[in-house]
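Enquirer: Just dropping this structure here.
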Amino acid sequence: MTSSSSNRPFSHRSPNTFLTYPQCPEQPEIISQRIWDLCSHWTPLYIICAREAHRDGNQCLHALIQTEKPVRTTDSRFFDIDGFHPNIQSAISPNKVRDYITKEPLALFERGTFIPRKKSFLGNSSKGNSDKKPSKDEIMRDIISHATSKQEYLSMVQKSLPYDWSTKLQYFEYSANKLFPDIQEEFINPHPTSEPDLLCNESIKDWLQPNIYQVSPQAYLLLQPNCYSIDDAISDLEWLDDLTSKQIMEQGSAASTSSVQQGQENLHGPEA
């Protein structure tokens, strides 16, 4: 799992973590100590770090750290050291990763005792000690130890325990969700912050006129017998609108729809 190439939320969970620091000038011993300290919560057991030279002249650092408990982090910058950001992967085969790191190192540092990957029970019953069939507990322990994602976990269960997978899939899905919980994306406010403008008179007025004040001049003529023309009705309604707006501004609080409508019924125009 890389740390930056995907738009999906970052998540890393593995007892065998393979790190590559491009163009990092630090010594392998210093980087190893920093990584060891970063993983102290998961009880580090072994680390190896080596400097490798590329054909283009650039150098990088490779590191493999093994922990007693799987390293869990959703922070893609967790392993950053002095501004150097590594590529982060789960070492499915720590044996092969270690062989790669020790291939042609310019400098190498090692601490602890390397833990070879245990022989997997998945699909290997025909080789070696085939007389002893592993129990389901042993198979599941192996799957939990090596799976690095929800999809890989379910795929390994399906491959090694097909009958249980087909009859108890909902239980395996539940355990997969617990082992590899979905990462909640950080909330991004769709409304960018701006200078406070709580009144917004122009915008509110544009919405207020067609949505709240729905008294038509024709309806006003029916309610007010002293009003004799459409022009008089429009004039009265405009006066009511201005008066109500001034009262709201003076009181410093918004009037409710019901009180506005009641004011429209009781107040008389300037010609009444």
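Cβ coordinates come from backbone N, Cα and C, glycine included.
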Enquirer: For the divalent metal cation site that Swiss-Prot assigns to His62, Glu104, which of Glu29, Glu52, Glu138 is also named?
Expert: Glu52
Enquirer: With Swiss-Prot as the source, which of 18-21, 78-81, 154-157 is set down as motif 'RCR-1'?
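Expert: Among 18-21, 78-81, 154-157, the range Swiss-Prot annotates as motif 'RCR-1' is 18-21.
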Enquirer: Name the residues of the same chain, 6+ apart in sequence, whose Cβ is under 8 Å from the Cβ of Glu104 (divalent metal cation binding site)?
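Expert: Counting only residues 6 or more apart in sequence, the Cβ neighbours of Glu104 (divalent metal cation binding site) under 8 Å are Glu52, Ala53.
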Enquirer: Are there any residues at least 6 positions away along the chain from His62 (divalent metal cation binding site) with a Cβ closer than 8 Å to its Cβ? List them or say none.
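Expert: Long-range Cβ contacts: Phe18, Leu19, Thr20, Tyr21, Cys49, Ala50, Glu52, Tyr100, Ile101.
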Enquirer: Averaged over the domain 'CRESS-DNA virus Rep endonuclease' (11-114), what pLDDT does the predicted model reach?
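Expert: PLDDT averaged over the stretch: 92.
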